[in-house]
Amino acid sequence: MLLAEANQTSEVTFILLGFSEFPDVQVPLFLVFLTIYTVTAVGNLSMILIIRINPKLHTPMYFFLSHLSFIDFCYSTTVTPKLLENLVMEDRTISFTGCITQFFLACIFVVAETFMLAVMSYDRFVAVCHPLLYIVIMSQKLCASLVIGTYTWGIVSSLTLTYFVLALSFCGSNVINNFVCEHSAIVSVSCSDPSISQMLCFIITIFDEVSSLFIILSTYISIFGTVMKMPSTSGCQKAFSTCTSHLNTIPVFHGTVLFLCCVPNSKNTWLIVKAVSVFYTVVIPMLNPLIYSLRNKDVKKSFRKLMNHPTLFC
(Lines of atoms letter the chains of each structure in order from A and count residues from 1; the text may use other names and numbers.)
(Lines give C-alpha, C1' and ligand atoms only; values in the text may rest on other atoms or scores of the structure.)
Protein backbone atom coordinates (compact mmCIF):
# COMPACT_ATOMS: atom_id res chain seq x y z
CA MET A 1 0.00 0.00 0.00
CA LEU A 2 2.81 2.43 0.88
CA LEU A 3 4.56 1.61 -2.39
CA ALA A 4 1.38 2.28 -4.34
CA GLU A 5 0.90 5.64 -2.59
CA ALA A 6 4.52 6.58 -3.30
CA ASN A 7 4.12 5.71 -6.98
CA GLN A 8 0.89 7.72 -7.15
CA THR A 9 2.55 10.74 -5.54
CA SER A 10 5.53 10.59 -7.89
CA GLU A 11 3.18 10.78 -10.87
CA VAL A 12 1.42 13.92 -9.60
CA THR A 13 2.11 17.14 -11.50
CA PHE A 14 1.06 20.71 -10.88
CA ILE A 15 0.27 23.40 -13.44
CA LEU A 16 1.26 26.92 -12.42
CA LEU A 17 -1.09 29.23 -14.32
CA GLY A 18 0.92 32.31 -13.43
CA PHE A 19 -0.16 35.17 -15.70
CA SER A 20 -1.36 33.01 -18.59
CA GLU A 21 -4.71 34.88 -18.54
CA PHE A 22 -2.85 37.84 -20.07
CA PRO A 23 -1.00 36.44 -23.11
CA ASP A 24 -0.28 39.90 -24.56
CA VAL A 25 1.88 40.93 -21.61
CA GLN A 26 3.89 37.72 -21.21
CA VAL A 27 7.00 39.10 -22.95
CA PRO A 28 6.90 42.53 -21.24
CA LEU A 29 6.46 40.81 -17.86
CA PHE A 30 9.37 38.50 -18.65
CA LEU A 31 11.63 41.47 -19.38
CA VAL A 32 10.50 43.33 -16.25
CA PHE A 33 10.98 40.32 -13.94
CA LEU A 34 14.30 39.43 -15.57
CA THR A 35 15.53 42.97 -14.93
CA ILE A 36 14.33 42.86 -11.33
CA TYR A 37 15.97 39.48 -10.74
CA THR A 38 19.25 40.71 -12.25
CA VAL A 39 19.23 43.78 -9.99
CA THR A 40 18.32 41.56 -7.02
CA ALA A 41 21.16 39.10 -7.66
CA VAL A 42 23.77 41.78 -8.38
CA GLY A 43 22.64 44.00 -5.50
CA ASN A 44 22.54 41.32 -2.82
CA LEU A 45 25.73 39.55 -3.91
CA SER A 46 27.54 42.91 -4.14
CA MET A 47 26.36 43.77 -0.63
CA ILE A 48 27.73 40.47 0.69
CA LEU A 49 31.02 40.97 -1.16
CA ILE A 50 31.51 44.56 0.02
CA ILE A 51 30.81 43.64 3.65
CA ARG A 52 33.10 40.63 3.47
CA ILE A 53 36.15 42.33 1.93
CA ASN A 54 36.00 45.66 3.77
CA PRO A 55 37.38 45.31 7.33
CA LYS A 56 35.61 48.54 8.38
CA LEU A 57 32.27 46.80 7.83
CA HIS A 58 33.09 43.82 10.05
CA THR A 59 30.59 44.86 12.71
CA PRO A 60 27.46 43.12 14.03
CA MET A 61 25.14 45.41 12.06
CA TYR A 62 26.77 44.59 8.73
CA PHE A 63 27.15 40.95 9.70
CA PHE A 64 23.36 40.71 10.02
CA LEU A 65 22.90 42.77 6.85
CA SER A 66 25.05 40.34 4.87
CA HIS A 67 22.83 37.47 6.01
CA LEU A 68 19.72 39.45 5.10
CA SER A 69 21.18 39.89 1.60
CA PHE A 70 21.96 36.18 1.44
CA ILE A 71 18.38 35.30 2.42
CA ASP A 72 16.94 37.71 -0.16
CA PHE A 73 19.14 36.30 -2.92
CA CYS A 74 18.23 32.70 -2.08
CA TYR A 75 14.53 33.48 -1.79
CA SER A 76 14.43 35.27 -5.13
CA THR A 77 16.42 32.47 -6.78
CA THR A 78 13.96 29.91 -5.41
CA VAL A 79 10.94 31.61 -7.01
CA THR A 80 11.88 33.85 -9.94
CA PRO A 81 13.55 31.40 -12.40
CA LYS A 82 10.40 29.25 -12.56
CA LEU A 83 8.29 32.39 -12.97
CA LEU A 84 10.46 33.50 -15.90
CA GLU A 85 10.27 30.05 -17.47
CA ASN A 86 6.47 29.98 -17.29
CA LEU A 87 6.26 33.37 -19.00
CA VAL A 88 8.02 32.14 -22.16
CA MET A 89 7.18 28.42 -22.19
CA GLU A 90 3.81 26.92 -23.08
CA ASP A 91 4.40 23.99 -20.74
CA ARG A 92 3.71 25.37 -17.27
CA THR A 93 3.84 22.08 -15.41
CA ILE A 94 6.01 21.46 -12.38
CA SER A 95 6.64 18.07 -10.84
CA PHE A 96 5.43 17.16 -7.38
CA THR A 97 9.03 17.04 -6.15
CA GLY A 98 9.85 20.39 -7.75
CA CYS A 99 6.77 22.06 -6.27
CA ILE A 100 7.39 20.72 -2.76
CA THR A 101 11.08 21.66 -2.96
CA GLN A 102 10.20 25.21 -3.99
CA PHE A 103 7.71 25.47 -1.13
CA PHE A 104 10.19 24.04 1.38
CA LEU A 105 13.01 26.43 0.43
CA ALA A 106 10.77 29.49 0.13
CA CYS A 107 9.31 28.79 3.57
CA ILE A 108 12.80 28.62 5.12
CA PHE A 109 13.85 31.98 3.71
CA VAL A 110 10.58 33.76 4.51
CA VAL A 111 10.73 32.72 8.17
CA ALA A 112 14.46 33.46 8.33
CA GLU A 113 13.94 36.98 6.97
CA THR A 114 11.11 37.60 9.44
CA PHE A 115 13.38 36.97 12.40
CA MET A 116 16.53 38.42 10.82
CA LEU A 117 14.75 41.79 10.77
CA ALA A 118 13.91 41.27 14.46
CA VAL A 119 17.55 40.45 15.22
CA MET A 120 18.65 43.60 13.40
CA SER A 121 16.24 45.68 15.49
CA TYR A 122 17.77 44.22 18.67
CA ASP A 123 21.22 45.13 17.37
CA ARG A 124 20.08 48.75 16.87
CA PHE A 125 18.54 48.74 20.36
CA VAL A 126 21.85 47.78 21.96
CA ALA A 127 23.78 50.28 19.79
CA VAL A 128 21.54 53.24 20.75
CA CYS A 129 20.48 52.36 24.29
CA HIS A 130 23.72 50.75 25.53
CA PRO A 131 26.50 52.18 23.32
CA LEU A 132 29.27 51.70 25.88
CA LEU A 133 28.45 48.00 26.26
CA TYR A 134 27.72 47.39 22.56
CA ILE A 135 30.93 45.48 21.78
CA VAL A 136 30.57 43.38 24.94
CA ILE A 137 26.88 42.54 24.48
CA MET A 138 27.00 41.98 20.71
CA SER A 139 29.87 39.54 20.85
CA GLN A 140 30.77 37.26 17.95
CA LYS A 141 29.31 34.32 19.84
CA LEU A 142 25.96 36.04 20.39
CA CYS A 143 25.80 37.26 16.78
CA ALA A 144 26.52 33.77 15.47
CA SER A 145 23.95 32.27 17.84
CA LEU A 146 21.25 34.72 16.73
CA VAL A 147 21.90 33.96 13.05
CA ILE A 148 22.00 30.20 13.62
CA GLY A 149 18.79 30.41 15.64
CA THR A 150 17.09 32.33 12.83
CA TYR A 151 18.01 29.75 10.19
CA THR A 152 17.22 26.86 12.53
CA TRP A 153 13.69 28.08 13.24
CA GLY A 154 13.18 28.63 9.52
CA ILE A 155 14.20 25.04 8.79
CA VAL A 156 12.09 23.64 11.66
CA SER A 157 9.01 25.60 10.53
CA SER A 158 9.50 24.58 6.91
CA LEU A 159 10.06 20.91 7.76
CA THR A 160 6.91 20.87 9.89
CA LEU A 161 4.71 22.44 7.21
CA THR A 162 6.24 20.32 4.45
CA TYR A 163 5.66 17.13 6.44
CA PHE A 164 1.94 17.84 6.74
CA VAL A 165 1.71 18.85 3.08
CA LEU A 166 3.32 15.54 2.12
CA ALA A 167 0.72 13.75 4.26
CA LEU A 168 -2.00 15.02 1.90
CA SER A 169 -3.21 13.11 -1.13
CA PHE A 170 -3.04 14.53 -4.65
CA CYS A 171 -4.74 13.16 -7.73
CA GLY A 172 -3.43 13.45 -11.27
CA SER A 173 -2.79 16.92 -12.70
CA ASN A 174 -3.59 19.88 -10.44
CA VAL A 175 -4.04 23.47 -11.60
CA ILE A 176 -2.60 26.13 -9.27
CA ASN A 177 -3.81 29.66 -9.99
CA ASN A 178 -0.53 31.25 -9.01
CA PHE A 179 3.09 31.46 -10.18
CA VAL A 180 4.61 29.90 -7.06
CA CYS A 181 3.99 26.77 -5.00
CA GLU A 182 2.82 28.40 -1.79
CA HIS A 183 0.93 26.65 0.99
CA SER A 184 -2.66 27.74 0.33
CA ALA A 185 -2.31 26.99 -3.38
CA ILE A 186 -0.98 23.48 -2.78
CA VAL A 187 -3.54 22.44 -0.16
CA SER A 188 -6.40 23.85 -2.26
CA VAL A 189 -5.87 21.13 -4.89
CA SER A 190 -5.50 18.31 -2.39
CA CYS A 191 -7.84 15.31 -2.57
CA SER A 192 -7.80 14.91 1.22
CA ASP A 193 -8.83 17.11 4.13
CA PRO A 194 -6.19 19.87 4.52
CA SER A 195 -7.65 21.40 7.69
CA ILE A 196 -4.78 20.26 9.96
CA SER A 197 -2.15 21.59 7.56
CA GLN A 198 -4.03 24.88 7.16
CA MET A 199 -4.42 25.32 10.92
CA LEU A 200 -0.73 24.58 11.49
CA CYS A 201 0.29 27.08 8.82
CA PHE A 202 -1.97 29.70 10.41
CA ILE A 203 -0.51 29.09 13.88
CA ILE A 204 3.11 29.28 12.67
CA THR A 205 2.42 32.42 10.63
CA ILE A 206 0.69 34.18 13.53
CA PHE A 207 3.43 33.15 15.95
CA ASP A 208 6.18 34.39 13.63
CA GLU A 209 4.47 37.71 12.93
CA VAL A 210 3.42 38.43 16.53
CA SER A 211 6.74 37.46 18.11
CA SER A 212 8.94 39.24 15.54
CA LEU A 213 6.80 42.40 15.53
CA PHE A 214 6.77 42.39 19.36
CA ILE A 215 10.59 42.35 19.37
CA ILE A 216 10.76 45.09 16.74
CA LEU A 217 8.18 47.35 18.38
CA SER A 218 9.56 46.93 21.90
CA THR A 219 13.13 47.66 20.79
CA TYR A 220 12.15 50.75 18.82
CA ILE A 221 10.00 52.08 21.65
CA SER A 222 13.10 51.85 23.85
CA ILE A 223 15.22 53.46 21.12
CA PHE A 224 12.74 56.32 20.74
CA GLY A 225 12.68 56.88 24.50
CA THR A 226 16.48 56.95 24.68
CA VAL A 227 16.80 59.31 21.73
CA MET A 228 14.25 61.75 23.18
CA LYS A 229 16.38 62.02 26.33
CA MET A 230 19.52 63.00 24.39
CA PRO A 231 20.49 66.62 25.08
CA SER A 232 21.87 67.46 21.62
CA THR A 233 19.99 67.52 18.33
CA SER A 234 23.00 66.15 16.47
CA GLY A 235 23.05 63.14 18.79
CA CYS A 236 19.38 62.44 18.08
CA GLN A 237 19.93 62.70 14.34
CA LYS A 238 22.96 60.42 14.46
CA ALA A 239 21.09 57.81 16.51
CA PHE A 240 18.08 57.83 14.19
CA SER A 241 20.28 57.74 11.07
CA THR A 242 21.61 54.32 12.08
CA CYS A 243 18.03 53.01 12.20
CA THR A 244 16.55 54.70 9.11
CA SER A 245 17.28 51.95 6.58
CA HIS A 246 15.97 49.25 8.90
CA LEU A 247 12.83 51.27 9.64
CA ASN A 248 12.18 51.58 5.90
CA THR A 249 12.51 47.82 5.40
CA ILE A 250 10.18 46.68 8.19
CA PRO A 251 6.88 48.24 6.96
CA VAL A 252 7.49 47.01 3.41
CA PHE A 253 8.09 43.40 4.45
CA HIS A 254 5.63 42.98 7.32
CA GLY A 255 2.98 45.16 5.67
CA THR A 256 2.95 42.86 2.65
CA VAL A 257 2.82 39.72 4.80
CA LEU A 258 -0.09 41.03 6.88
CA PHE A 259 -1.94 42.13 3.74
CA LEU A 260 -1.64 38.64 2.25
CA CYS A 261 -2.92 37.13 5.50
CA CYS A 262 -5.96 39.43 5.50
CA VAL A 263 -6.97 39.00 1.85
CA PRO A 264 -9.65 36.29 1.57
CA ASN A 265 -8.76 33.32 -0.62
CA SER A 266 -11.47 33.54 -3.28
CA LYS A 267 -11.83 33.73 -7.05
CA ASN A 268 -12.59 37.44 -6.82
CA THR A 269 -9.25 38.25 -5.19
CA TRP A 270 -6.89 36.02 -7.21
CA LEU A 271 -5.48 38.94 -9.22
CA ILE A 272 -4.80 40.98 -6.05
CA VAL A 273 -3.11 37.99 -4.43
CA LYS A 274 -0.90 37.45 -7.49
CA ALA A 275 0.08 41.12 -7.67
CA VAL A 276 0.95 41.28 -3.97
CA SER A 277 2.75 37.92 -4.20
CA VAL A 278 4.92 39.31 -7.01
CA PHE A 279 5.83 42.27 -4.81
CA TYR A 280 6.50 39.96 -1.87
CA THR A 281 8.56 37.33 -3.69
CA VAL A 282 10.23 39.28 -6.50
CA VAL A 283 10.34 43.00 -5.66
CA ILE A 284 11.13 43.02 -1.92
CA PRO A 285 14.40 41.01 -2.31
CA MET A 286 15.49 43.73 -4.77
CA LEU A 287 14.44 46.64 -2.52
CA ASN A 288 16.42 45.65 0.59
CA PRO A 289 19.94 46.11 -0.88
CA LEU A 290 18.81 49.32 -2.60
CA ILE A 291 17.43 50.74 0.65
CA TYR A 292 20.56 49.90 2.63
CA SER A 293 22.99 51.00 -0.08
CA LEU A 294 21.28 54.27 -1.03
CA ARG A 295 20.79 55.43 2.56
CA ASN A 296 24.01 54.06 4.05
CA LYS A 297 27.09 56.24 3.67
CA ASP A 298 29.51 53.45 4.63
CA VAL A 299 28.15 51.06 2.02
CA LYS A 300 28.10 53.73 -0.72
CA LYS A 301 31.65 54.77 0.11
CA SER A 302 32.87 51.16 0.06
CA PHE A 303 31.07 50.50 -3.22
CA ARG A 304 32.68 53.53 -4.89
CA LYS A 305 36.10 52.45 -3.63
CA LEU A 306 35.55 48.95 -4.95
CA MET A 307 34.50 50.25 -8.38
CA ASN A 308 37.41 52.72 -8.65
CA HIS A 309 40.06 50.54 -7.05
CA PRO A 310 39.11 46.83 -7.18
CA THR A 311 42.36 45.79 -5.43
CA LEU A 312 41.96 48.26 -2.57
CA PHE A 313 40.36 45.76 -0.18
CA CYS A 314 42.58 42.82 -1.13
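Backbone N, Cα and C define each Cβ position, glycine as well.
The shown structure was predicted, so the numbers you read here are calculated from the model rather than taken from an experiment.
If one looks beyond the transmembrane segment (29-50) by at least 6 residues along the same chain, the residues whose Cβ comes under 8 Å of a Cβ in the stretch are 19, 22, 57, 65-66, 69-70, 72-73, 76-77, 80-81, 83-84, 87-88, 278, 282-283, 285-286, 288-290, 292-293, 299, 302-303, 306. Taken from TrEMBL, the feature transmembrane segment applies to 29-50 (among others).
Among the features that TrEMBL reports, domain 'G-protein coupled receptors family 1 profile' is placed at 43-292.
If you look up TrEMBL, you'll see 62-80 (among others) marked as transmembrane segment.
The feature transmembrane segment is assigned by TrEMBL to 100-120 (among others).
Among the features that TrEMBL reports, transmembrane segment is placed at 132-155 (among others).
The transmembrane segment annotation in TrEMBL covers 161-180 (among others).
Counting residues 6+ beyond its ends, the transmembrane segment (200-223) has Cβ neighbours under 8 Å at 111, 114-115, 117-118, 121-122, 124-125, 128-129, 157, 160-161, 164, 183-184, 239, 243, 247, 250, 254, 257-258, 261 in the same chain. Summarising the annotation, TrEMBL assigns transmembrane segment to 200-223 (among others).
As annotated by TrEMBL, transmembrane segment applies to 275-294 (among others).
Summarising model confidence by region, the domain 'G-protein coupled receptors family 1 profile' (43-292) averages a pLDDT of 85. Using a cut-off of 8 Å between Cβ atoms, the transmembrane segment (161-180) and the transmembrane segment (132-155) share fewer than three residue pairs, counting only pairs 6 or more apart in sequence. Sequence-distant contacts of the transmembrane segment (62-80), counting only residues of its own chain at least 6 positions beyond either end whose CB sits under 8 Å from a CB of the stretch, comprise 33, 36-37, 40-41, 43-45, 47-48, 51-52, 102, 105-106, 109-110, 112-113, 116-117, 119-120, 123, 143, 146-147, 150, 179-180, 281-282, 284-286, 288-289, 292, 298.
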